[in-house]
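Taken verbatim from Swiss-Prot:
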ACT_SITE  HIS190  active site, tele-phosphohistidine intermediate
BINDING   ARG297, ARG333, ASN455, ASP456, ARG466  phosphoenolpyruvate binding site
BINDING   GLU432, ASP456  Mg(2+) binding site
ACT_SITE  CYS503  active site, proton donor
Amino acid sequence: MTKEIQGIAASSGIAIAKAFRLENPELTVEKKSVTEVEAEVARLEAALEKSKSELEIIREHARKELGDDKAEIFEAHLLVLSDPELINPIKDKITNENVNAEHALDEVAAMFINMFESMDNEYMKERAADIRDVTKRVLAHLLGVNVSNPSLISEEVVIIAEDLTPSDTAQLNRKFVKGFTTDIGGRTSHSAIMARSMEIPAVVGTKTVMEDIQNGVLVIVDGLDGEVIVDPSEETVKAYEKKAAEYAEQKAEWAKLVNEKTVSADDHHVELAANIGTPEDVKGVLENGGEGVGLYRTEFLYMGREDLPTEEEQFTSYKTVLERMEGKPVVVRTLDIGGDKELPYLNLPKEMNPFLGFRAIRLCLEMQDMFRTQLRALLRASVYGNLKIMFPMIATVDEFRQAKAILLEEKAKLQQEGVQVSEDIEVGMMVEIPSSAVIADLFAKEVDFFSIGTNDLIQYTLAADRMNERVSYLYQPYNPAILRLVNMVIKAAHKEGKWVGMCGEMAGDEIAIPILLGLGLDEFSMSATSILKARSQIRQLSKADIEPHLDTILSMSSTEEVIEFVKSTFHIG
């Protein structure tokens with residue numbers, strides 16, 4: 001009997017295939033007394049080594065298929081396996097209490113997971129998820145249990161799961177896995193982001209697919225509208241095959257725009273750029289018609305290693321990106337470490353709330369040797385392309401002035417050394433803290449440009465952790481408060497003749513695009529795979545026709561009102 005299940009559209013496309021339930025066995029742990037504690041510690045170490053080997057393989061597969069930025073999460077998992085704060089208490093428990101490795105691991109991991117989950121911030125939630133994923137793998141080795149391996153799937157299927165861990169998602173073979181659907185998760189969960197990178201249709205947050213779908217049943221995953229159809233009729237299958245064909249035709253039409261400029265129906269030009277993490281990501285930017293790089297996340301250069309990258313290593317990476325972009329603008333964000341990104345070799349003290357703590361520009365202004373090394377590398381690379389530099393997490397005008405002063409000092413030093421440096425480097429800032437948006441008029445007199453980081457701006461403005469399912473309903477890109485802040489920033493910048501970009505998820509969202517175009521956003525930076533769809537949409541919109549509706553939109557009192565109005569007025573969905 002056909003059943004329709006509603007979820008969240010996480011990755012566009014239509015998948016029609018038999019269900020494959022990805023079920024991991026219950027890992028039952030019993031407490032046992034042991035006398036040979038050294039042998040038990042050796043068992044633990046062997047399981048840790050096996051897990052490391054597996055994760056290294058998964059990391060390399062993810063790097064090859066998805067790029068360095070998506071593989072970075074497995075660096076975090078490998079760090080968990082080597083973290084003495086986790087591993088030493090497990091060994092101590094085995095030695096001091098004469099208990100088996102499984103019990104010691106389970107007890108210590110549960111303690112850390114509960115501790116991190118009780119703390120109300122995104123970084124700690126992700127830390128708990130990392131520990132859960134990693135310790136489950138180690139526990140399976142200790143128990144001699146085989147955990148499901150998605151990479152072994154050898155027929156066309158739709159995966160059904162309660163959730164997909166990052167390691168599960170990275171192992172999906174796109175040849176056979178046509179789509180997936182999960183009980184939990186949202187558009188910003190790791191599995192959803194990776195699905196979009198891999199272009200695998202996905203519907204998440206359904207709550208009931210594991211309960212409602214058995215192995216082998218035909219399933220349709222509609223990643224366009226967020227629906228899952230179980231055991232569809234022949235007529236329904238034909239209808240969705242037609243929908244899939246229409247979507248494929250639409251994608252083919254978008255592909256024709258790869259070398260076109262992004263111009264609205266009334267001839268207003270905007271720039272569509274891409275967010276990248278490594279030089280390898282440039283290929284995807286160019287293949288999808290990106291007009292620039294709107295966000296180069298430099299922190300990936302610093303991760304998965306035992307010490308800071310040298311000036312020469314950084315110079316080589318920046319130079320490569322600038323050369324490959326062949327004169328198109330490249331906006332580089334200086335080091336944004338802290339919050340959800342740790343560098344163990346810096347030995348920074350633990351913080352109760354790292355997202356509001358010692359991170360990004362705050363860290364760089366104090367650890368100036370590290371900051372100056374990065375700036376020197378960027379300045380040296382500037383002659384190889386169109387470089388723009390921006391500072392993250394700026395809260396006060398004085399912070400921006402300090403950061404820019406250090407940049408100018410390093411520029412002067414290089415020139416004294418006879419090193420050529422571009423004279424056309426624009427220097428801007430991220431707007432991701434509400435205070436920055438509120439005084440954007442003051443910042444606009446200092447900066448060359450703004451880039452609005454909506455992912456953090458939304459969280460900080462609405463005090464809502466987007467990874468916390470209990471409050472994720474408050475993560476609202478179209479909330480009137482967010483739209484008004486964006487409007488304030490754009491108006492303040494344009495008054496001073498400065499340009500404004502946006503590099504959060506919102507920039508590529510089909511509901512946000514008409515509003516942002518009307519407000520006058522100059523640059524939209526998104527995942528490379530979203531560029532052509534966004535270009536097609538903008539070419540059909542008239543900025544002049546949108547502008548009369550802006551006061552109405554900005555005066556609405558809820559997200560729901562905004563979405564309904566935009567959909568009906570601009571014919572979306």
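The backbone N, Cα and C atoms fix where each Cβ goes, and this holds for glycine too.
As the structure is a computational prediction, the values presented were derived from the model and not from experiment.
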One should report the C-alpha separation between ARG297 (phosphoenolpyruvate binding site) and CYS503 (active site, proton donor), rounded to whole angstrom, as 11
Rounded to the nearest Å, what's the C-alpha distance separating CYS503 (active site, proton donor) and ARG333 (phosphoenolpyruvate binding site)? Just drop the number here, would you? 11
Count the other Cβ atoms sitting within 10 Å of the Cβ of CYS503 (active site, proton donor), across every protein chain shown. 29
Once the chains shown are all counted, how many other Cβ atoms turn up within 10 Å of the Cβ of ASN455 (phosphoenolpyruvate binding site)? 16
Have a look at the binding-site residues ARG333, ASN455, ASP456 and say which one has the shortest Cα distance to GLU432 (Mg(2+) binding site). ASP456
At a 10 Å cut-off from the C-beta of ARG297 (phosphoenolpyruvate binding site), count the other C-beta atoms across all protein chains. 21
Count of other CB atoms lying within 10 Å of the CB belonging to ARG333 (phosphoenolpyruvate binding site): 24
So among the binding-site residues GLU432, ASP456, who's got the most Cβ atoms within 10 Å? GLU432
